[in-house]
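Peer 1: My structure is below; once you've seen it, I'll send some questions.
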Amino acid sequence: MKELLFIACLALLASTAFAQLKRPRGVAISKAEFYQEGRDFQCLDGSQLIAFEKINDDYCDCDDGSDEPGTAACPNGSFHCTNAGHKPKYIPSSRVNDGICDCCDGSDEYDGRVTCANYCKELGKQMREELEKQRALLLEGYEIYKEYVHKGTEARKEKQNKLDELRTQRDELKAIKDQLEDKKQELEIPEKEAKDKHRTEWEETKALMKEEKNKATAKEAFDELDANADQIVTVEEMQVHQEFDIDNGGEVSAEEAREYLEDHPQVDFEVFYDKIWENIKEVYKKPGSESSESAPPPEQTTTPPPTSNEEIVDHFDDLPDEEDDEEEFLEDEEDLEDEDQEEKVDEQGDDFKIPEYDEETKKLIEAADQARREFDQADSRYREVDRELTETEKVLALDFGPNNEFYPLRGECYEFTDREYTYKLCPFEKATQRNKHGGTETNLGHWGKFDGPENRKYAAMKYEKGQNCYNGPDRSCYVKIECGLHNELRSSAEPNRCEYEYVFASPAACREPPPATYDPNHDEL
């Protein structure tokens with residue numbers, strides 16, 4: 001306590017000494033040492049040395065005007081207003097004794113032509129009150145800033161903990177996914193073998209059925225062409241059918257008939273089926289059929305006669321409707337789309353429908369389908385967690401300030417509207433502009449970084465690589481950040497083409513104000 005009293009006494013003595021320090025009019029205490037009575041005066045610019053008596057003699061001796069701080073003699077001189085009770089200031093020495101009171105203490109008008117009231121204490125009081133208000137606002141902003149720091153720090157910790165959980169969860173899900181994938185692949189092997197076997201057998205059966213049906217249709221045509229039923233088709237019998245009139249001359253010539261018979265004068269059914277039928281079946285018209293450029297497909301106009309494989313054909317005719325059967329088959333083949341497509345193409349244009357799988361194959365398909373469903377669910381969950389993990393890593397990689405004070409701004413957007421446009425700022429995401437009467441947004445820039453001046457990095461944000469300007473650069477936005485009690489986008493400007501500038505206020509930019517140091521009794525502040 002004694003030490004504190006001693007220091008206070010020393011400070012009081014020093015203050016009194018400064019107040020009583022004798023110096024020429026218009027000289028600040030900080031420069032009193034250069035104006036010592038009894039010693040020649042060195043012009044402050046070092047240009048010359050003059051007698052002390054020449055100071056304030058209303059004649060300018062020094063080039064810098066430093067010898068006339070209290071008169072208007074030097075055009076470049078400066079007069080120091082002490083303004084005790086308020087704050088000191090310098091005025092041009094040309095204003096000394098000009099009849100206008102420039103200093104609040106009236107010290108610039110000392111010749112008596114005007115009387116200046118000393119209202120420095122009143123100004124000082126107003127200034128102190130204003131400073132106190134400003135400091136109170138800064139303190140309030142600082143309290144909110146501390147809340148932001150707490151929220152940001154806690155949120156970042158939660159994100160980090162979530163990241164650790166997601167990494168563990170992803171590893172666990174990957175192990176499950178890999179296990180189910182192995183199981184799926186294992187069950188798909190016998191499934192594919194059974195399906196391939198089923199298809200191979202069906203293709204063989206279908207080929208045989210088509211052959212028998214084609215042969216039956218050919219036999220019906222042969223019997224119709226064989227007018228005398230002698231089991232021989234001759235050139236003359238072919239000439240009866242006008243569809244064989246190649247040159248459309250109105251009748252079938254012998255040459256035209258022989259051309260269709262491959263130059264044979266006559267053929268039996270074996271030669272007819274092996275050599276002739278494939279070439280004429282699209283031309284041949286069954287008597288009584290409608291006239292057209294090409295005859296309908298044989299399977300639509302003929303009924304297969306009994307053959308050596310009659311039972312197979314009967315089995316085919318009893319198969320279910322094509323659409324119902326195909327739908328059921330495609331459901332079984334949901335993961336084999338290419339094979340399904342081939343089957344649908346194979347089945348178009350004929351009546352041959354693939355039969356159902358046998359029970360054993362159905363069980364193999366169901367087991368593989370179940371394995372695929374389980375794998376798909378596990379894979380979907382794994383991808384979902386992996387996406388969430390990636391997003392969490394991106395958030396944690398962002399710079400939210402030295403104490404995470406800007407973290408609460410993430411995910412928020414703020415707008416400012418002037419006479420024509422509405423501007424939007426979404427911290428850590430983007431800056432945009434749109435006509436206030438409607439229309440699409442123009443991207444002014446994506447989040448880049450904090451870009452304040454040296455030692456004040458977090459006083460500004462940079463948004464870059466926005467929408468390109470016509471015949472110009474990509475748009476960009478520079479955001480100045482100032483202390484405010486609320487998050488608020490205060491203004492927008494475009495100082496250069498395609499370069500925008502926002503002013504944004506936020507408690508995140510507030511800091512603890514320095515202690516009040518205003519001394520109302522100073523001689524020189």
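The backbone N, Cα and C atoms fix where each Cβ goes, and this holds for glycine too.
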Peer 1: Suppose you had to name the range TrEMBL annotates as region 'Disordered'; which of 95-115, 116-136, 242-262, 452-472 would you pick?
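Peer 2: It is 242-262 that TrEMBL annotates as region 'Disordered'.
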Peer 1: State the non-local partners of the region 'Disordered' (242-262) in its own chain: residues 6+ outside its ends, Cβ under 8 Å from one of its Cβ atoms.
Peer 2: 233, 235-236, 275-276, 279-280, 283-285, 295
Peer 1: Provide the three-state DSSP residue tally for the domain 'EF-hand' (213-248): helix first, then strand, then coil.
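Peer 2: Final tally across the stretch: 20 helix, 2 strand, 14 coil.
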